[in-house]
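Some notes on the structure that comes next.
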Amino acid sequence: MAYRSCVVGFSSLSGCEMTPAGSPQPGTSGWGSCGLPGPGFSSRSLTSCRPAGTIPKVTVNPSLLVPLDLKVDPAVQQQKNQEKEEMKALNDKFASLIGKVQALEQRNQLLETRWSFLQGQGSATFDLSHHYETFQGRLQEELRKVSQERGQLEANLLQVLEKVEEFRVRYEDEISKRTDLEFTFVQLKKDLDAECLRRTELETKLKGLQGFLELMRTVYEQELKDLTAQVKDVSVTVGLDSRCHIDLSGIVEEVKAQYDAIAARSLEEAEAYSRSQLEERAARSAEFGNSLQSSRCEIADLNVRIQKLRSQIVSVKSHCLKLEENIKVAEEQGELAFQDAKDKMAQLENALQKAKQDMARQLREYQDLMNTKLALDIEIATYHKLMEGEESRMDLPSATVVSTVKSGCRTTASKSGLTKTSSRKKKNRRGPVIKITEMSEKYLSQESEASE
């Protein structure tokens, strides 16, 4: 049979236009005109329908309240025709309600399917925490290895620094010894120079004494010549004077012998003194020469050792530079690895946070879906009650006027029942919402504890 199009609005659902086939017309996408779900079904399409109208009021003719007149009246036939029209309207409304109930059942099935899909997706997302923990453990193991390598490098650096300190102390000791030896060498050189000067002075004195000795010899010879000449003169005089018989030759010989003895003694003393001084100076010069030679040998040995120490210091410095470069490279690599680990840790934390946010969003969507499902269940129950009331009203055999009165009363009762069911719906909405919120908070707290 053909039905008329009607507009019925309830809660957040819009009116549905019925086709002659008795099924609602689907929209182009989503829930178009509150019909069947299209291919673009989403959580937003649940609230995309706007109410197109409200349930029309059932008007009661006041003349029906007048006591019945059993006489045949033309108004009775008119009243029956009016009741037939009302029955047709109610049948159309009933057919629209049946189509809406079917659409709501399909919508409920879609919501259940989506809820199961979201639960599977949430469990899969939650299972990724094991992979995150494994990757985090591997990064921590790498960080521990890098820390151990850094500790070993620091220990090697301390050993190298100790060796460098030991070589530095030895180098300072050698420098101090070299300084002492150089000071000793300078002192010995000063003593050698002083001895050379003294030797030169002694040689000069020896030459002066030899010159003085020659001079004294010349003087003595000249005096001897003078005395000889005087003796000759005296002898001549004596020869002339025959009265004096003085023997001057003996005196001259005696004086000459005395002078010769004095000159010989002076020469011997001078030669002995000069020889002793020369021997002493030669001994001291030989001693200083030996000490100088030993000092030169020691200086040569020290120079060789200094060269060796310098080469060792250069090699140690180069080794220290290489170790410092290796330490810098190791520190840079450790810092890069640590920074990479921190970045990966931050990425994992961001991914975990994003997963938590996705889980919370899915929980909120689930909560919204459950609220929508609850509202739809309440609407379905209300429609079932309305249909049961309509069926019970249609099944009761009674007179035309009484049925009309009863239908009006039932319509009023259905309105009151609708009001009661809507109030119950508002009351019952809070219970599951609170339960879902508590469940989501409990799940988020467990997830945060597991991540910690």
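In case you wondered, yes, glycine gets a Cβ from its N, Cα and C as well.
Copied from Swiss-Prot, the annotated features are:
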- Ser45: phosphoserine (MOD_RES)
- 228-251: region 'Linker 12' (REGION)
- 252-390: region 'Coil 2' (REGION)
- Gly334: site 'Stutter' (SITE)
- 443-452: compositional bias 'Polar residues' (COMPBIAS)
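In the region 'Coil 2' (252-390), helix, strand and coil residues by DSSP number 139 helix, 0 strand, 0 coil. Close to Gly334 (site 'Stutter') in the fold, though at least 6 residues off in sequence, lie Val146, Glu149, Arg150, each with a CB less than 8 Å from its CB. Mean model confidence for the region 'Coil 2' (252-390) is a pLDDT of 83.
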